[in-house]
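Here the structure is laid out as structure tokens; the discussion comes afterwards.
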């Protein structure tokens, strides 16, 4: 399930666009996640009160959390699949503290791909989308494996 060097290059090139505005991209990803899958909002006590897209866009806390999420993911993607330590740490917090099901990682992966394509259509074509999809699937599979080790049925 690994990615070729060329696929990793596509992933990292696309991620370079994210790094120009991590917080803005992160906020858009979370808005897409929460509006597309409102049940995910229930896992975030800090954001449960945000009912509309306008409220979400106005939330500095949501923007900060989006920055945190995409900064962590960027660090993982840059490891090109050699992310065992990072995934272990992330899985521990997401299983034990936050109780985030693997399905929600699928939802946010879809949101990331949607936002990247919407914001950067000329730099995020079918090849880049496919590579990013594979990279995010690798991440999710490794998170799921770590969840199993931790005994989390997420």
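For all residues, glycine too, the Cβ spot is worked out from N, Cα and C.
Pulled from Swiss-Prot:
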DOMAIN    2-148  domain 'Globin'
MOD_RES   4  phosphoserine
BINDING   65  nitrite binding site
BINDING   65  O2 binding site
MOD_RES   68  phosphothreonine
BINDING   94  heme b binding site
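Taking the features listed in Swiss-Prot, we show where each one sits on the structure.
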residue: 4; record: phosphoserine; contacts (Cβ under 8 Å, 6+ apart): none
residue: 65; record: nitrite binding site; contacts (Cβ under 8 Å, 6+ apart): 26, 30, 44, 46, 47
residue: 68; record: phosphothreonine; contacts (Cβ under 8 Å, 6+ apart): 26
residue: 94; record: heme b binding site; contacts (Cβ under 8 Å, 6+ apart): 100, 143, 147, 154
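With DSSP states grouped into helix (H, G, I), strand (E, B) and coil, the domain 'Globin' (2-148) comes out at 115 helix, 0 strand, 32 coil. Confidence over the domain 'Globin' (2-148), given as mean pLDDT on the 0 to 100 scale, stands at 96.
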